[in-house]
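S.K.: Take a look at what TrEMBL says about it:
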type	residues	note
TRANSMEM	260-282	transmembrane segment
TRANSMEM	326-350	transmembrane segment
TRANSMEM	356-381	transmembrane segment
TRANSMEM	393-417	transmembrane segment
TRANSMEM	429-452	transmembrane segment
TRANSMEM	480-506	transmembrane segment
TRANSMEM	512-540	transmembrane segment
TRANSMEM	552-571	transmembrane segment
TRANSMEM	583-612	transmembrane segment
Amino acid sequence: MMLRGQEIFWSFFLGIILPFFLQAVKLTSSRTQLPYEYYSLPFCQPSKITYKAENLGEVLRGDRIVNTPFQVSMNVEKKCEVLCNFPNKPVTLTVEQSKLIAERIREDYYVHLIADNLPVATRLEFYSNREEEEKKKEKDVQFEHGYRLGFMDNNKFYLHNHLSFILYYHREDVEESQEHTYRVVRFEVIPQSIKLEDLKADEKSMCTLPEATGSAPQEIDPTKENQLLFTYSVHWEESDIKWASRWDTYLTMSDVQIHWFSIINSVVVVFFLSGILSMIIIRTLRKDIANYNKEDDIEDTMEESGWKLVHGDVFRPPQYPMILSSLLGSGIQLFCMILIVIFVAMLGMLSPSSRGALMTTACFLFMFMGVFGGFFAGRLYRTLKGHRWKKGAFCTAMLYPGVVFGICFVLNCFIWGKHSSGAVPFPTMVALLCMWFGISLPLVYLGYYFGFRKQPYDNPVRTNQIPRQIPEQRWYMNKFVGILMAGILPFGAMFIELFFIFSAIWENQFYYLFGFLFLVFIILVVSCSQISIVMVYFQLCAEDYRWWWRTFLVSGGSAFYVLIYAVFYFVNKLDIVEFIPSLLYFGYTALMVLSFWLLTGTIGFYAAYMFVRKIYAAVKID
């Protein structure tokens, strides 16, 4: 991996002591879902606070990367050093500051630092369910992102005011005539809470740590002023981990084998069910087409029920063709964006080390994919006998993005009220609006113009002037029943992956299994297409030709199960009790469900449309 400018602070050479800087990213909590910038709490500050220039993804994530007063030099140990500039004068927290720290500790906040672009991690060691003899030999090690701000015990608040940094470096192999190069490959911290009286500091900012057994933690009493010292120590260790593999530690998950097994199990089940469905539908269709094409049995065939009877109405334009084509255009936009993002991430170009790159790429790709969304929407709108292409293009460019922007703006107002760094700043919001109206809108109009000018889709049969009467439908042909039935198979293909995606979003975990995600996405496309074809076949066999909207709605049925799963995840996995965090969770979940419905509905619609055109082209129509 190449060293990148601002992400790599210094190169380290033998015999030269070079400093590099620890930076703070933000404070996060899975209980509140509200990130805060580092200096929202009264930590020690450097003489000059400098914020890093951030990309769009970092701003939207709530990252506010800022310098800190920690002084760390390559391979230089520090036993204990006072962080602030007044070693003999403890930091005094006012009552308001004490209340704020106590509240953040109660809300289970974590502090996130980075060194050489590596996030700090807390090592967790525990015994797994092994035999007793093996338990004595080794422990399982996992890493927690960031470190806890503090802890509670008997309704008292204790702050982690001493940080023991452990930095691992790798010595690069070079030729004898060259100097050795050192690379930082891991960044760990052991947070400790040590009472002011137990920390003995001198005038040179040095301090002495007490014995581990005899020290008392630093309590923060929210009802009065508190005095304490912020201290830190630095320890260096050589490691065999190479530079290219340094992120592997942070991406190690528990139950990786279970994850793999679950994914493979889902893939096998879905392919098996898809194969059965395909065989059934193909055999049935062949039989239908063979019967319909027997010239001597035409009269008998016409008296039977079947999908051929609605050939004069199956391509009759639906109600609200402009809205339908606009939603499908947005679905195409989402499909192209998600496909490219997952594929590029699978190749390793959007790894977690490129902070904010995934979200930045997704935003820009969605804007630029407007040309494809406009093209498909325009061509479909003309096929459905639409004439007002300018209004249709405006609807395509504004409908889905407008809903997303409206919900995000309302949620952003609540986040602003909490003074969280997760609130999108006004200049960034203006920049997003400029991207929307300056990039996406013109591209949608451009695509719509060429799509509308192109020949409409060639339907194989003519539409009758008088609509055919639709017979009374059975209960299982109800739209909601169809949604429940159609959503099971696509959701079953992806619900395991959904757990890891939700954990990455709501519990500040890293998500990196984009190879699996690409496979799951392909399975999702296949399963949505086949379920949609089966559902539209049953509908046409019931002599109901109003399939346009119904197919779009029913194909997105897995989005309903995603909503149910999101509620289950909220109740069972998250510890959110306050109103605004709950509002944020369900607001963003609503956007996810809406986007997923558009995506799967679009996939199912186009699969069903191709199927309908294919089967009616295969039969002889008088």
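Each residue, glycine too, has its Cβ placed from N, Cα and C.
Each of the listed features needs to be described in terms of its position in the shown structure.
M.R.: Only residues 6 or more beyond the boundaries of the transmembrane segment (260-282), in the same chain, are considered here, and those with a CB under 8 A from a CB of the stretch are 489, 492-497, 516, 519-520, 523, 526-527, 530-531, 533-534, 537.
Beyond its flanks by at least six residues, the transmembrane segment (480-506) meets 30, 33, 253, 259, 262-263, 266-267, 269-270, 273-274, 513, 516-517, 520, 523-524, 527-528, 530-532, 535, 550, 553-562, 565-566, 569, 573-574, 585, 588, 600, 604 of its own chain at Cβ-Cβ distances under 8 Å.
Remote same-chain residues near the transmembrane segment (552-571) are listed as 324, 327-328, 479, 482-491, 494-495, 498-499, 502, 506, 524, 528, 531-532, 535, 582, 585-586, 589, 592-594, 596-605, 607-608 (criterion: CB distance under 8 Å, separation of at least six residues from the stretch ends).
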S.K.: Please check if the transmembrane segment (512-540) comes into contact with the transmembrane segment (356-381), where contact means 3 or more CB pairs closer than 8 Å and the residues in each pair are separated by 6 or more positions.
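M.R.: Contact between the transmembrane segment (512-540) and the transmembrane segment (356-381): absent.
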S.K.: Between the stretches 326-350, 356-381, 429-452, which one has more Cβ pairs under 8 Å with the transmembrane segment (393-417) than any other?
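M.R.: Result: 429-452.
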S.K.: Could you pull out which residues elsewhere in the chain have a CB under 8 Å from any CB of the transmembrane segment (429-452), counting only those six or more residues past its ends?
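M.R.: Contacts with the transmembrane segment (429-452): 56, 329, 363-364, 366-368, 370-382, 389-390, 392-394, 396-398, 401, 405, 409, 412.
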